Amino acid sequence: MGVTSMRRRGTLKTGLLPGGNVALEKIGLTEEDVRDEIMSEEQDLVKELVTMSTRECIQAIRDLPMCMEDKKNIRNQVLASKSSKKGFLLTCSADCSEQISLSLRRCGVGLSSARQAVRLWQGTMKEIGGRFGTSVLSYFSFLKWLLMFNTISFLVNFGFITIPQLVQTSGRSPDVRFTGLELITGAGYFNQTVMYYGGYINGTKDSDFKYNMQLAYFFTIAAYLVLCGVSLIYSMARSFRRNFVLSDLSSGSAWRLLCSWDFSMVNERAVRQRKNNLRVQLKESLSEMMQTNFLPVSERMKQLGIHLCTWVVSAGLAAGSCAAIYYLCQYNLQQIKVSQNPGNLKEEASTLLLPFVVSLFNLVIPLLYSLLSKVENYSNPRFQIYVIILRNVFLKMSILSILCFHWVNNVTTNVPMCWESYVGQDLYRLVIVNFFFSIFGSFFGEFLRRIIGTRCMPSIGIPEFDIATNVLDLIYAQTLTWIGIYFSPLLPLIQMIKLFLLFYLKKVSLNRNCQPPRRSGRAAQMQTIYIALLFFPSFVGALSLVAYTVWCLTPSDSCGPFQGLNTTFEAVSLWMEDTAIISEFSWAVWIYSHMIKSELFFFLLALIFLVLIYFFWQITQGRKMLIILLKEQIINEGKDKAFLLEKLRTFQNLSLVPYHAENVHGPQYFERTYQTESDYSEGYQRGACPEEDTPPFASSALMQAMMARRQAEEEDEEY
């Protein structure tokens, strides 16, 4: 109540005395009385502020409805009053505590600056965002985010699976020598190492050291996949709330223009980068508002026909690619059956045919999709990117579905050796060849086009950075890594090195070969789309394949930690049977029997999850309605202020009329004026605005202010 009354006290200023003595005599006051009352109110306000803490006092002064000069005057009075109270009573301990507090604040600022300085690629990201905009920056932010995922995966797998296996024994045959071709094919020397599933065994070299590799292998991979799922859901929900639920297109540009400048920047280069970044962001925000085309019906039908034809062509390209890859997989399987010398270099190099064709399709067909989008001529650049992403997702996920079907149904029954290691080698080759094709695409797709556009055919121009294709390449490679985490536990290390090199390659190609987007579009919501695509169908599909492998497929009898078992999950069942003998772990056995193995438990869990989603969705809808009502209230408050200012201006004009002119109207004039002012007062107290046809001299803003102040004082006395 103190803050509210303090705000009301701050509203009465000498600027509300426009009419002079004539206006004040109408309400029974003199100018000196009002000035004395204002001074009294100001002294009471200073006394109330003195009793507050420093932070509360600063916040209260900020909330006062005064101009900046009056706020400075109030603040100086408060500081003078506090200093006079303290006088010379400040002790040495107080000075020391103040110095310690200041040192801690400076230390915190220094640590924050150091943390910003050691963040990976922080300066490079600011440079890219300031020059090319947030659309291009979203690709590099997404790449950095994926690098974090793979780093965590490598540390977890290496710490709980690889190191214990290296401590126990070495599963590699000593007669295999390194030729260098293994870096591309992943076979040969790497075949019996800890790179693949076949390099791990459940035996122990020393009887004193017992490590259950079966449980470590299963629970490490399961824990990492659960962690990835939770992180993706949390990141997707937070990004969706920030960029979709709470985003406001109407106030975004004003906020960036008025409130987003960092006044602590003193470096000229940092200031220039920040100015460029703000300029590009404002351009992106304004471009989407101006890109609304109103086409006639004939043009709309023409555009609809073009869109339909391009979708048919894109679906046909994806279907043809899947058919070609399926028959190529069958051909490779036949070659494995008739192979006489699996260790031959020629046959080892022939295994690169499948990843070469897959990567070629993933490179060429997205370029055709980009050409199709040029024919469609979308006016909204962000919608154009979404269409290209959707087509690329359909293509890449269709190819991965064919490969997964081949691995699960054909490889498991027709490969004579360790089929898990064979699948791991295929995934290794796909990741490596995809990296080479990314470099190849940057060279031919960006470098050569820049040479042609600047020297041979200037009409083509300098290329732009293809955000959709590059993002889908990252999602595709990460999907391969998640699928291969069971068959090749160290595959995240390869992906981590690939992403690290890819960042610098794309950065150099972007700076030298590409130009900023001609048609800018906001990219704050694109990051949410990327995370959503990474979750579904990428992560969900990879999780489904790994779960099917663990629960349904029979492990190889000649390799791996699960040899001799019917399924991988049987290792957990056997462990539970051994644990049931120990009475201290009966609770774990009960959880396993009644919860993990129960379909009803997962059904109820899914039902609770859906109920929570609906509950939070209702909360979101309620907050949206509240935001709309608050915006309407702000608009109404502005209209009320404009109305009161207009009446105040009218009253100022009337107060300048000579005093003897009032007698010309006679008593009927005063009676009519008093009646209209009373009507306005009653209507204002009911919350209704006066009618537009009310005479301009019918209200007194000063009288309303005095009445409101007296009413506030009465309320303070009641409380």
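For all residues, glycine too, the Cβ spot is worked out from N, Cα and C.
According to TrEMBL, the features are:
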- 418-524: domain 'TMC' (DOMAIN)
- 145-167: transmembrane segment (TRANSMEM)
- 215-234: transmembrane segment (TRANSMEM)
- 308-329: transmembrane segment (TRANSMEM)
- 349-371: transmembrane segment (TRANSMEM)
- 383-408: transmembrane segment (TRANSMEM)
- 428-448: transmembrane segment (TRANSMEM)
- 483-505: transmembrane segment (TRANSMEM)
- 528-551: transmembrane segment (TRANSMEM)
- 600-617: transmembrane segment (TRANSMEM)
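A Cβ distance under 8 Å defines the sequence-distant neighbours of the transmembrane segment (308-329), meaning residues of its chain 6+ beyond its ends; these are 353-354, 357-358, 361, 365, 368-369, 372-373, 375-376, 391, 394-395, 398-399, 401-403, 406, 410. When Cβ distances are compared across the two stretches, the transmembrane segment (215-234) makes contact with the transmembrane segment (483-505), since 3 or more pairs at least 6 residues apart fall below 8 angstroms.
With a threshold of 8 Å between CB atoms, the same-chain residues lying at least 6 positions outside the transmembrane segment (428-448) that come near it are 183-186, 190, 195, 351-352, 354-356, 358-360, 362-363, 367, 403, 463, 465-466, 469, 473, 476-477, 480-481, 484, 488, 491, 494-495, 498, 501-502, 505-506, 509, 512-514.
Taken residue by residue, the domain 'TMC' (418-524) breaks down under DSSP into 78 helix, 2 strand, 27 coil.
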